[in-house]
Amino acid sequence: MPDSIAEPLIHPLFHSPTRSIDHHLTLPYHHAAATDQEKARQSTDVELEDFPSKQKEKPRIIISPSPSEQEQEEVEEDSESEHSEKDLLATAEGSERQMKRTNKSKKNKDKRSPSRPNLRIDTDSNGHANGHANGTMDKNIETRRKHVSNDNPQANATRAMSRDDFSLDNEPQTPQTPGMVNTSFSNLPQKDKRNFLLLCLLYFLQGIPMGLASGSVPFLLKSYLSYGQIGIFSLAIYPYSLKLLWSPIVDAVWSRRFGRRKSWITPIQTVSGLSMIYLGGRIDELMKKAGENDGSGVWGFTGWWFLLVFLCATQDIAVDGWAISLLSMQNISYASTAQTVGLTAGSFLSHTVFLALQAPDFANTWFRTVPQDYGLFTLGGYMAFWGWVYLLVTLGIAILKREDKSNDREGIMDVYRSMWAVLRLPNIIIILIIHLVGKLGFVTNDAVTNLKLLDKGFGQANMALVVLIDFPFELGLGYYAGKWSTQYTPLKLWCWAYVARLLAAVFAQFTIMIYPTAFDEAVPSWYMLVVIAEHVYSTFMNTVMFVAVSAFHARIADPAIGGTYMTLLATFSNLGGTFPKFFILKFVDMFTKATCIPATDLDAFSKAHPDVTPVTSRFSCALESDKNICLKGGGTCVMQRDGYYITNAIFVVMGAVLFWMYIEKKALAMQALPLRAWRVQGDSSYLRVAS
């Protein structure tokens, strides 16, 4: 591969000009038809080198280009100076014609660079190549091309664009767009297999606290906080969507001795493990304070989780950059598969397995003969356990895993400038807009549906069972989603899953609307199956979209700034699903209308509950805190308008309109672009590859 897009390329005779230049230059052998008499004769060697001047026993023929070619070469020599060299190759076509050209070549020889190698052909005593005047050659010709680099990017760009065959409509010379492969895991090289499993482990560890912050903890807070207050807690996962701000520091600051990525992964995972151990000992106390004074303590509780997610986000920057260099280019799509499998396993373990095993009802039903008022696990014990696992895995990576040495180092401001240059690419701007608006249609389903089931009386134990059943489906189907992204191209698969997720949001709303029982009644089996089907379908489509877009990111990212490039794309993708949650949860509270009806017999309630102040007048119980006061005072909270239905319907329609009017055609156009459309070009006049 040439060092720059402007490096001159010389195609030897018989060499196809459309052949890929990313491989070492080799000259095809030319074998002309020979008679039996010619095969019997002994031919001499043909070598690309200078012979000593004292050897005069055999005449030597110097093959020079035609006059027009020679004049063009002299012009190029003046412009190239000492930055590049050419290898000139020609084939003898007849001794008489060659002898005529020899005199012209000798006149121009002094004008050529003395460092340029000459092509000389030894002939026999008759002056014929291979002893014949027909110019046939049976000997192999070997070319040796010195590796050339040009240190002037502007001169390279100018020279490349001055070529007659230069066009932005053709496939670029640098970089070459890698072909998609569909290699099964069993056929991967051993090195790729080991590195794939390492990436799965690292992403799995990230998924543990992320699953708690985005899944289990909001469920546990639902009994204390309203939808809007849970929206405040959703700010804790914002570092995962804002990691772009400090990703250049992770890409630029590192220890050469310890390794570019290990310099960050090792200390960050150590701090993360210690933080989880510390929080595990205080989590119950912090959760109680979060619900006090109408949820005023939620800000302090959110701050602790904000710090923990910040550490996970910083680790993710380093792991994303490492994934590009750990796997070979033809198997780079497995980076997104590792991310999907690892994050899905870690998140679902913290969101499903933990949620099930910490529920007292689930533990009493399936694991105990004597009922207890606590589950098999507590949140504090779970966090402390995985904190120690963090420390053990970090120690193993620090000792056992060696990272390839790298001397590529940029200053922090250089990385920020590189990131800014990437952000200015027109195609990057389009894909970032798609990321920001591409999840509006189904973010209500993701953020509110499961909480609404708990409101209806579905029960935490039943919810734990549903997500536990969903866990193996996500692991298995996530792998196939990775294979589909190479078979159908990532963004085409992403578009299909987009439509499927819109349908999943409608299915989810229908599931809530047909809830069959009262709050304190058991849920029938048929409805459990409906909820399971809805949950598996929704989360699977979510996984397919995640795998597809991650595969696309890995395909277009520039390895020179791999961590920053991948983080830039992943940040906006995550931000598209994170920033609407705060507003959507507020909208649900805003559109909801509910009234607390006092008990009909206040005297009877006061006698039965002498320590409780009864509700004596009607008031709004749309917020969770007001609803708890109503129920505790013997009242009944009557829902007159459910804000979930209105919010979900509005955003599903918005997502459908955006998709068919803008997102689909732009996404498919992005998929068709070559890699140069995603690279920062040296020439500032480059704007956009036609789509």
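Backbone N, Cα and C atoms are what each Cβ position is placed from, and that goes for glycine too.
Remember, predicted model here, so these are calculated numbers, not experimental data.
Now, the feature entries from TrEMBL:
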REGION    32-180  region 'Disordered'
COMPBIAS  51-60  compositional bias 'Basic and acidic residues'
COMPBIAS  70-80  compositional bias 'Acidic residues'
COMPBIAS  81-99  compositional bias 'Basic and acidic residues'
COMPBIAS  100-110  compositional bias 'Basic residues'
COMPBIAS  150-159  compositional bias 'Polar residues'
COMPBIAS  170-180  compositional bias 'Polar residues'
TRANSMEM  196-218  transmembrane segment
TRANSMEM  303-328  transmembrane segment
TRANSMEM  379-400  transmembrane segment
TRANSMEM  421-443  transmembrane segment
TRANSMEM  463-481  transmembrane segment
TRANSMEM  493-514  transmembrane segment
TRANSMEM  526-552  transmembrane segment
TRANSMEM  644-663  transmembrane segment
Would the transmembrane segment (644-663) count as touching the transmembrane segment (493-514), i.e. at least 3 C-beta pairs under 8 angstroms with sequence separation of 6+?
yes
With the transmembrane segment (644-663) as the reference, find which of 196-218, 303-328, 379-400, 421-443, 526-552 contributes the most Cβ pairs under 8 Å.
421-443
Suppose I define contact as three or more CB-CB distances under 8 A, residues 6 or more apart in sequence; do the transmembrane segment (379-400) and the transmembrane segment (526-552) meet it?
no
Of the stretches 196-218, 421-443, 526-552, which racks up the most C-beta pairs under 8 Å with the transmembrane segment (303-328)?
196-218
